[in-house]
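Quick look at what TrEMBL lists:
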DOMAIN    228-362  domain 'GGDEF'
TRANSMEM  30-49  transmembrane segment
TRANSMEM  55-75  transmembrane segment
TRANSMEM  82-103  transmembrane segment
TRANSMEM  109-126  transmembrane segment
TRANSMEM  133-151  transmembrane segment
TRANSMEM  163-185  transmembrane segment
Amino acid sequence: MPPSKNNWLEKLLNFGISEGSANNLNYKQVVNLALALLCVTDAGMMLVFALQQAYWVVGFYAIFMVISLFGFYLHSRHYFSLVKLIVPFSTIVQIVVTSLYFFGPGSDFHWLFVTVAAYAFTAFRPDEKIMRHGVVLLSVMLFTACEVFPVEGVHMSNADQRLTAVLTFLWTLFTLAVVINVVIARLRKVNDYLRVLAEKDELTGLANRRKVLANAVIMYTEAMHYHQPCVFAILDLDHFKRINDTFGHDAGDLVLSEISGVMQSCLNKGDAIGRYGGEEFVAIMGNTTLTEAQQKMDSLRETVENTYITTEKGIVIPVTVSIGLAAISSQTKRYEDVLTLADTALYQAKKTGRNRVIAQQPTF
Ligand SMILES: Nc1nc2c(ncn2[C@@H]2O[C@H](COP(=O)(O)OP(=O)(O)OP(=O)(O)O)[C@@H](O)[C@H]2O)c(=O)[nH]1
């Protein structure tokens with residue numbers, strides 16, 4: 001995947017994940033993010049209680065901060081199954097103690113168990129059901145206990161409790177926004193990457209058959225809608241089987257990838273080209289008359305003819321291409337009809353000696 005601009009975030013998400021241990025990448029990244037957020041949360045709580053001058057509570061949160069940092073250390077040592085348990089259990093203990101002892105159930109601090117359940121569903125894989133359900137069940141039981149047991153908070157006044165509740169609410173909102181933002185941004189990136197893979201021909205780097213036909217539909221529809229000329233071309237390398245048989249399949253692959261680049265460089269920016277299959281390509285030229293397309297394709301044919309592909313062993317392979325052209329007309333009903341006409345023209349080009357461009361005149 002292309003490197004992200006947010007380098008520090010990438011470094012954090014990928015901490016302890018080496019190339020060879022990249023299984024369950026997303027789960028591991030969620031755990032790293034959770035550990036980091038837990039560290040920041042603990043730092044925030046230390047600040048809140050330091051302002052209250054409750055220094056031993058500061059110490060309590062410092063211990064959990066150290067545990068989170070220890071989680072990063074364990075991750076760097078590849079103890080991932082242990083690391084992913086640190087976050088829920090450290091959070092559970094902190095919520096229970098903070099909720100029951102410092103704030104009291106009236107503060108509703110224990111609603112933070114929602115974050116533990118959210119973590120369990122994102123950090124444990126579907127095949128780790130026991131762990132996932134166990135953490136959620138434990139959270140539900142402890143949440144119920146916090147709701148039911150009337151233990152008073154012993155260290156905070158009502159005003160401080162309210163302030164802490166507001167701060168906690170804002171912080172939870174912020175962390176959820178961060179997590180959702182990171183998750184969505186990453187999903188988008190993966191999605192873009194998969195789309196490129198799904199639309200690209202691996203050997204030539206051109207659009208694959210699916211993508212070039214999708215482009216054909218778009219360009220055909222636009223041309224029909226705006227009454228503009230549009231030409232479809234099918235380009236087929238000549239005697240390609242002979243190239244494979246004489247120089248080998250690898251040399252054939254080299255010819256395909258080199259000639260693809262040459263063909264693309266002969267087209268205009270708005271034109272579309274893709275690999276139709278084997279040694280056959282499709283080009284669509286929008287806003288181009290048949291005469292203009294014929295000139296462009298003839299120049300492309302000549303460029304291919306003058307291109308000599310040299311293999312690693314120094315063997316020079318001459319290549320030529322035959323091209324069939326057809327333009328859309330007022331009679332055209334479907335884009336496939338234009339492709340069929342271009343294919344007929346290509347057949348003529350092959351039959352009449354190859355290395356030539358033949359245009360199928362439109363029928364009105
Ligand atoms: N190296 C290589 N060869 C391929 C690839 N895809 C298809 N081919 C070969 O392309 C050849 C196409 O052969 P034919 O359809 O007979 O066409 P041709 O030899 O070019 O003959 P004409 O089109 O009539 O000039 C076959 O031998 C296929 O195996 C590929 O990705 N790499």
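Cβ atoms are placed via backbone N, Cα and C, with glycine included.
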### Task
Run the contact check on the transmembrane segment (109-126) against the transmembrane segment (30-49): 3 or more C-beta pairs under 8 Å, excluding pairs closer than 6 in sequence.
yes
Per the Cβ filter (under 8 Å) with a sequence gap of at least 6 from its ends, the transmembrane segment (133-151) is approached by 88, 92, 95-96, 99-101, 104-105, 109-111, 113, 116-117, 119-121, 124
Top stretch by Cβ pairs under 8 Å to the transmembrane segment (163-185) (candidates 30-49, 55-75, 82-103) is 30-49
